[in-house]
Amino acid sequence: MAFCPAQAEGRDGIATTFVVIRFLSRGRCLQSGFNDSLNLWGDTHSRAKRSVVIQPPFKSNARSRYVELLIVNDNKEFIKMKRNKEAVFERSKQIANIVNALYAPLNIFIALVGVIVWTEHDEIVMSSDGDATLTKFLQYRRERLAREHPNDNAQLITDIVLDSSVVGKALKGPICTYEYSGGVNKDHHEVVGVVATTVAHELGHNFGMEHDDKDTKCQCPEKRCIMASATSNPPSPSQWSSCSKHYLQSSFEQGMDFCLWNLPEDIMGPVCGNGFLEEGEQCDCGPAEFCKNPCCEASTCKFKGNAKCAIGACCDISTCQVVKAATLCRDAITECDLPEYCDGVSEFCPVDVFVQDGTECGGGKAYCFGKQCRSHDDQCQLLWGSSGRMADQRCFERNDDGEVNANCGYNRLNKTYKKCNKEDVMCGTLHCVHLNERLEFGIESAAVQSKFYIDENDKRFTCRSAIVDLGLFTADVGQSPNGAKCGTNKACMNQKCVPIEKLYGIKCPYDCYNNGVCNSRGNCHCMVGYAPPYCNYPGPGGSSDSGPASDPSAGYSFMVSMYIIFLCIVPLAVITSFSIYYFRRHLKTWWMTKARKAAIKSRAQQVGLDRRGGRPLSKFSIDAEAIKALNISSPVAQHMAPQEPLVPSAPPLPPPQHQKPNRSVSRERGSFRSVDISGPVLQSSSNSHITPTRPAPARPAPARPAPGRPAGVQRAPSCPSQVGEHAWTLTCSTLGKPAQQRSSTSTTTATKASCTP
């Protein structure tokens, strides 16, 4: 912190000394005084530096609002604190920290951007009349604070007792206005939390909130909520009622948060407990009594245990670890915006970037500017509702008058209007036609509405316009928006109609090869599947500013695989195929030689095993013992015999007559040869001699008969054996006709058998 004394002339002509405690990007303090110069930079150096980069607070997101708060302490407050400037600053800091903690559940974050102490006397006329004091303070803010100490809201802390036991005063709804954004607060309690609740209450009025007592349907989670009409003893209320949230949402719908979207660029600090991460801090979750961050130690602003992160959008609070790369941390909110992704290393979402200014959007009616796409029709609908649309061009031609209802800008400091050049009239005051008679953006009490008509050729053209107060440094939404089309390849920019080339920043090289868009920093934001910086190679998408749009590790593995395939496997396959084709004859000869040698070697090994008697049993070898045990007495197994004969049996033959045994029977060619086997050993005989018979000549085995037989062909009857004392010797010979006759005779017996005893 730094205490920067400055001299200013009060209206009473007496030199007044006050202290500005503020840290700026230049490392200097601001002066305050009734001088006409707009030189805001003093010559006194601060005694400490602010953080180089302000990070969003814990639990903030793309819909968060930020109030840049300035606290002013009057002379009586300074005296109450025993003229101790350090004590005044410490109390102001504690008040701001508690107010920030109270608003954090509403996704609103309070950033203390400065503290002013009137050390010699008050800079305005202070009185016990709360309304009069508020009016004087708001005038002081317009004439001095808004110029020299830019802020969204200013709150006065006083020790003067106000009438009717009032402890605070503020107007309803004008949070972003240049005229009325501020309040007056009595330091009415020693406990700083009680005073902080009063400041939060008055700031709530600026947000458009009413007292909870006004609506009996309000629901409060505590006995009293912050917007209760009367204060209470400690502990002070810390919750918002359902009515307060409803009023707040209505104000946002009217655009009264228009100045609250930007993250503060410079704040008081470094201060542990203000909710903003600053130099020397690992984390900051606000005051200890309000901190619910499991990864951050509120009293020291350091990580707990083994935590690697605590407050960033890319931090998993449940594990206190950074989330993986390509996790979406800030989505695109318009067609001219770009999403941001975590990089897997930092807990913070990358800087907010968007589509390059000058890119066509809105169906050709506008060009991107500051991540917004707004045509004249879009802006008319913003001001007047869904029925609003751009008025006739004749209305815009009046903008060269430089009057309240037609101009190219309004200077709030000296209250003058600027005339438009002829070529810029379409970029001046926005003229609309609509069906709604009420302004829907901003508050009517802080706006100036105008209407006039143009009669031409029996036609009347209506021209409606408005000047809306959204702060000294906020663009007037009643003017034609930046990026609106004002001619062929021309767009509005700060009430000038310029070629779209002037909207461009740094142009992206090679137009990103049509695989991405150029962002606001002149870098390519690539589609998924292409890699920055030029989107001409495969990759995860995204940009060097926004982070990878898909998991880069997956893309890396894919690229490594592709490199291996195309640099190793494919060339090796080509070389192998060429070698096989070129040396195919040599390979064939080599292969045949190798196969022959292998066969010879195998045979030699087999012969060697046979000689040694150790021939191994192959898988086709048959077990000899199994063959011996096999019963082959019947040509057909019982379970395989057909249930019915394939050929009907012939009638039984008469019993055989006793004949003399024949040694052999000779048949003509083509018939079977009978062998004499009629000399067996009789059971009653003791002679064991068997007369050898002449073996039958070797004949080829007859062909296996086809299944089934022709009709009328009968199976030869089996030779009966006579049961008696003697065994019969059976000699069967087949008698039949030649094959030709057998095939043609279907009714006669095909085969005859003779049986001899």
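Glycine residues also receive a Cβ, built from the backbone N, Cα and C atoms like all the rest.
Positions annotated as transmembrane segment by TrEMBL: 95-118 (among others).
GLU202 (active site) carries a helical DSSP state (H, G or I). Residues or ranges marked as active site by TrEMBL: GLU202.
Residues or ranges marked as domain 'Disintegrin' in TrEMBL: 269-357. When the domain 'Disintegrin' (269-357) is classified with DSSP, helix, strand and coil residues number 0 helix, 17 strand, 72 coil.
If one looks beyond the domain 'EGF-like' (504-536) by at least 6 residues along the same chain, the residues whose Cβ comes under 8 Å of a Cβ in the stretch are 338, 353-359, 371, 542-546, 549-550, 555. Residues or ranges marked as domain 'EGF-like' by TrEMBL: 504-536.
Annotation source TrEMBL lists transmembrane segment at 560-583 (among others).
Per TrEMBL, the feature region 'Disordered' maps to 638-757.
As annotated by TrEMBL, compositional bias 'Pro residues' applies to 648-658 (among others).
Under the heading compositional bias 'Polar residues', TrEMBL lists 681-691.
Sequence annotations record features per position, and here TrEMBL assigns compositional bias 'Pro residues' to 694-708 (among others).
Among the features that TrEMBL reports, compositional bias 'Low complexity' is placed at 743-757.
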Remote residues contacting the transmembrane segment (560-583) - C-beta distance under 8 A, at least 6 residues beyond either end:
538
Within 10 Å of the Cβ of GLU202 (active site), how many other Cβ atoms can you find? Include all protein chains, please.
21
If you average pLDDT over the domain 'EGF-like' (504-536), what do you get?
93
